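Per TrEMBL, the features are:
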- Glu198: active site, proton donor/acceptor (ACT_SITE)
- Glu274: active site, nucleophile (ACT_SITE)
- 55-349: domain 'Glycosyl hydrolase family 59 catalytic' (DOMAIN)
- 357-472: domain 'Glycosyl hydrolase family 59 central' (DOMAIN)
- 509-683: domain 'Glycosyl hydrolase family 59 C-terminal lectin' (DOMAIN)
- 1-42: signal peptide (SIGNAL)
Amino acid sequence: MAERLPQASRQRRGKAMTAAAGSAGRAAVPLLLCALLVPGGAYVLDDSDGLGREFDGIGAVSGGGATSRLLVNYPEPYRSQILDYLFKPNFGASLHILKVEIGGDGQTTDGTEPSHMHYALDENYFRGYEWWLMKEAKKRNPNIILMGLPWSFPGWLGKGFNWPYVNLQLTAYYVMTWIVGAKHYHDLDIDYIGIWNERSFDINYIKVLRRMLNYQGLHRVKIIASDNLWEPISASMLLDTELLNVIDVIGAHYPGTRTVRDAKLTKKKLWSSEDFSTLNNDVGAGCLGRILNQNYINGYMTATIAWNLVASYYEQLPYGRCGLMTAQEPWSGHYAVEPPIWVTAHTTQFTQPGWYYLKTVGHLEKGGSYVALTDGLGNLTIIVETMSHKHSRCIRPFLPYFNVSHQFATFLLKGSFSEIPELQVWYTRLGKPSKRFLFKQLDSLWLLDSGGAFTLELQEDELFTLTTLTTGGKGSCPPPPESQPFPQVYDDDFDVDYPFFSEAPNFADQTGVFEYFTNIEDPGEHRFTLRQVLNQRPITWAADAYNTISVIGDYKWSNLTVRCDVYIETPEKGGVFIAGRVNKGGILIRSARGVFFWIFANGTYKVTGDLAGWIIYALGHVDVTAKRWYTLTLIIKGRFSSGTLNGKSVWKNIPVSFPKNGWAAIGTHSFEFAQFDNFHVEATS
C-alpha cells in the first residue's frame, strides 16, 4: 500500500500519479493526473452558468419505532463512542440531520415509544430517550438539524376513533406542546415538523398546525409533508395556494431516486425523508452510496434521511440490523461500526447544509454517477460512485437492472474551479474483505499544470470523494468488548428512586408502555415497581396487540424459568401474564406465539400458546383478586412447562411443542394499569 503523501509534495505538480488503493499485488485505482488534451467524453464541472439546488443535508431517523431502545443502556465509554461515530463532525457519519419519532404510545415497527401526553391532562417531557439523543447530537454538532414526526398518537386524541384528525385543533396543540417542551425543558430548537408518518394527511390539519405554530411564535419551525408518496400531496398543493404556502418541504419515502412532475412544479424543496432501511452489510452500504448521489441526479432531492440511525433493538425484531451501525448489546458493550457509516462520511464530512449542487452532475458512461457541490466560497467537493446492481439493491423499491463496468472517467474543472491546485482524495471499495477499503485517505491530486483535468480509473462498487477541504477524518476508538449473549441469569427489582430514563433497561415494549413507578402508599417491598401505564388503546400506526407486552432477553432461550411479582389494578376484568419463548415482536406482535401464564382479578388463570389467547393449554380457578401482590413462576423445559402461584403449583408438565425458543416477557390482558416487581429470569440453554 502506498503511504499517504506528505503535505510538501508540490514537486509532483503535473506528473501522472497513482494512488494505490487496491490489493497489495496491484496498483488498483490509479488516479491519473492528465495534462493532455481532454477527450470529448470528459465530465465538465462548471459554475459559469450558475448553480443547482441548495443542499439540505444527510441524516438518519431514530424511531419508527424504538430503534434506539438499547442504546441508552450502554455503559460508558462505549455509549459516547457510538454517539461520536454518528454525530461528531469529521469523525464518522457526521450527520447533518437527526429525525426523531414523536412518541405516541403505539407500536411503530420495533416497539412502542412513550408519548409526552399519555392522557389528556398529562404532560411529561422526560419520557423515552429521544430528548436525550437530540441533546447528545447537539452536544457534538451544535448545527445539526432536528426534525420530529408522529407515527402513532395517544388514544385520547381520537375520542373513540382510531384517527388523529377528529379534532384538528387538539392534535395540532399536542404536536405544538412537544416542540415547546423540547425548547423549555431541553433547550432544543426543532427545525422541521411532520404530519403523520406514511399515513393519510388532512389538508385542513396542516393549515391549522401552521396557524398554531405561528400563534405560539414558532414561525421558524418548518412543515414537511407528507412523509409518504409524492402524491397526492404534490397535486393537492398545486390546487390549493394556502396549502402550497404552509408546506416548506415535500418529503417522500423510498422514492427509488425518482420524483414526479407535480412535485417539481411546486418549486418546493424535495427530500427523501426516509430511505435505506437495508441490512447494514456491504450491499446496504452500496444501496446508500448509490442513493445519496442519485436521489439528487434523478430526483432533485436535496436531503436524504436513512432509516435507521443505529440498530439498537433486538436483532430478531423486524428489520434487524438496518441501521447505519449496530449497537444491540448494552449488557456486553459490544457494537459494530458498519460500512454505511463510512459511505455516509463520503458526503457528510465534505459538505454542509447551505452548500449548492452544481448543475453539472450526472451518470457515468459505463455506470455509476457523480455529483459536485460548492460552498460558493471556492470550495468544491466531488463524489463519484460506481455501485453495481448486485451490490446496491435497497430493501425497497424494486431496482431495475443496470450495468456498471471498468472505465476511465475524465473530469474537467471550469469556471471558478479551474484554478484549484489540489484535491484531497478519500476512497471506499466494497466487496470481498481482501479487496475492501472503507473511507481511506489517498494521496492528494495536484492539478496545477493539468488545465483542471484529471482522470479516475473506476472499478465496480467504488466510492471517491475529491475535495478542497482538508478537514476530513476517519475517527477510531479502542475496540469495544467482544460480543456476548444476554446474561443467562438476569434480575431487576426496579428500585430506582430518580431514574434517568423512564423505562427499565433491556425491556422492549411491543404494545403498551412500561415505566418506572413509585408507590407512595407502599413504604414496603413494592415501593418501586415497573408499571404498565396505558389505560386506552393508542391511535395505532401498526397492528398493535390487544394485550400489552414487553419482551426481554435472548431470542435463542429455550429452557428457562421466569419469575415476577405482579399486581393487578383493575378489579374483576384485570389480568396480567408472564411468558417465555415469545417468538415475534414489532409489527408482528399480534401473532406472537410462546408460553403465556395469565392470572385474572376474577379468580381464574389460563395458560396459552399465543399472546392473543386463542391456543389454550390449561385454565382453572386460583385465589387471586385485584390490588394484591402475587408471585408468578413459569418453568419451561424441553417439551413441557409448569407454573406456580406464590410457590404453589398451579399446573404441571403441560406439553409445549412450539415455539422452540424466544424471549421472556411480561404484560397485561388489556390496556390497563398493572405493576411488576422483582423480575427474575434464568435460562439453562
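Counting starts with 1 at the first residue shown.
Including glycine, each Cβ sits where the backbone N, Cα and C put it.
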Between Glu198, Glu274, which of the active-site residues has its C-beta surrounded by the fewest other C-beta atoms within 10 Å?
Glu198
Return only the integer: C-alpha distance in Å from Glu198 (active site, proton donor/acceptor) to Glu274 (active site, nucleophile).
10
Within the domain 'Glycosyl hydrolase family 59 C-terminal lectin' (509-683) only, compute the mean pLDDT.
97
DSSP says what for the domain 'Glycosyl hydrolase family 59 central' (357-472): how many helix, strand, coil residues?
6 helix, 53 strand, 57 coil
